[in-house]
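**Student:** Below you will find the structure I want to go over with you.
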Amino acid sequence: MSTWGQRVRTFVTVEPVIFFYMTSTFIVTPAYQQLVIAKVCYELFQDSYICSSPAHLKDEEELIEGRSSYILLIYTCVTSLLSILPAMLLGSWSDRSSRKAVMLLPCLMSLVSGGVLIAMSLLEDISVYWSLVAAGVTGLSGGYVSVFLSSFSYLADVTAGLGSNRTLRMAVAESMIYVGGMVGFLLVGFLIQEFGLMSAFVAYCSCHVLSVLYILVWLRDPERSVPPPPSGEDGDRLPCEAGDTDTEPSSNLLCLSDVKRSFKAMFRRRPGQQRQKLHLLIVCTFINNLVAVGEQAISLLYLKYEPREFTTELYGVFKSAQMLLLGFTLLGIFPLLMRVVGEMTLAKVSVLFRTAGLVLMAFSTNTWMVFLGAMFSFSASVETTCIMFAAVMFNGLFPLTLPTFPGMPFIVMAGFTLIIFILMQWISEMPVTQPRLVIQD
């Protein structure tokens, strides 16, 4: 490869992987939700003409949305339950083996899942519960958690010792989530409105094909900045490493010591109050993602319900605008504010804006109020494995509040964000043991 090509390979690494994966995720999310709604309607009325014409369903809309919400709850629970153990195993395994392999697995499994969804969109009589098969296949790969942990670990390896440049590279990679979200939501609204659900699932599979080709052709497994330790904290060899040192790393994929290592990293003793800070930040991360997943799970159902009555295309435009604002904030405004404002202050302000956006969403009765709510949602999202809890809480709550106050789940989310604010304030009052991060000129 030429010198120019080598330089490009140095600076362009996992960003396209995150972009393709998040684009596909934001394409498939509203698409499978629409598919579930369509299948539920068909199973209830056995008439595709009625289900394709919303004007015929005014009296039955609550019944369809209520049942669809419960099926989406089961879908999310299946995905999250099956992804917890693989995500924990693959995270530690990638430290000892191949980052690329962990990136590839979710993409390949998502292709299988996409095939199931395409079949469901083609076969009118197929049961809505086949969507749970697609959820299970995706979950077994660890889902987006596996993609993020392998991608950001890869980036940490290739930027070791680069100082502030590492922070910038991480921010660019993180911004791909929002760029992918903007493209994905804008694309899915257009595809479903103009060509139908199957076109959205084909686009979903195409993103994963491109991602697989990119990983295989472009990426190289990096040299590790810190080699994995050959022994446990007490000096004894870990159980899965007790054998011959020439054993292939892949043979240790399902070693339970990987899970043990993950928990040790979280609970080991740290100087000062660092361990307490870490645990509080994990709680903040959990609640933040709980709110993010809950919003994602019910926003389409909520916005399609009267009096808002969003079309799929308008929903795609709304989510694209939201993602554009998030990405612009992360890449443009965030670096500028970091020069004059502390990190914890930024975090607390973003939480308050997110709370305002959720409250406004709850009381929105028309399009401009919904879009105004998106302007308040500029906190950076984080990745955890709390999807199941959000599904149980918000997909379960939405049908119960639908006849009285459909916006109630968003009020609950706003309450959760206030808890994050309180925890952030607690963390900010603890003694500082690390130098403040400042973006240098």
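Note: Cβ is positioned from N, Cα and C throughout, glycine not excepted.
Summarising the annotation, TrEMBL assigns region 'Disordered' to 226-249. Residues annotated as transmembrane segment in TrEMBL: 12-32, 70-90, 102-123, 129-156, 168-192, 198-219, 278-303, 323-342, 351-372, 378-398, 410-427.
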**Student:** Among 70-90, 168-192, 198-219, 323-342, 410-427, which stretch has the most Cβ pairs under 8 Å to the transmembrane segment (102-123)?
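**Tutor:** It is 198-219, which has the most Cβ pairs under 8 Å.
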**Student:** Taking the transmembrane segment (198-219) as the first stretch and the transmembrane segment (12-32) as the second, find out whether 3 or more Cβ pairs fall under 8 Å, excluding pairs closer than 6 in sequence.
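**Tutor:** They are in contact.
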**Student:** Counting a contact as 3 or more Cβ pairs under 8 Å, with residues at least 6 apart in sequence, do the transmembrane segment (168-192) and the transmembrane segment (12-32) touch?
**Tutor:** yes
**Student:** At a threshold of under 8 Å on Cβ distances, which of 12-32, 129-156, 278-303, 410-427 pairs most often with the transmembrane segment (70-90)?
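**Tutor:** Of the candidates 12-32, 129-156, 278-303, 410-427, 129-156 scores highest.
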**Student:** May I ask for the residues of the chain that lie six or more residues beyond the transmembrane segment (129-156) and have a Cβ under 8 Å from a Cβ within it?
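**Tutor:** Long-range Cβ neighbours of the transmembrane segment (129-156): 13-14, 17-18, 21-22, 25, 32, 35-36, 39, 71, 74-76, 78-83, 86-87, 90-91, 94-95, 99-100, 102-103, 105-110, 112-114, 116-117, 119-120, 166, 169-170, 173, 219, 222, 225, 383-385.
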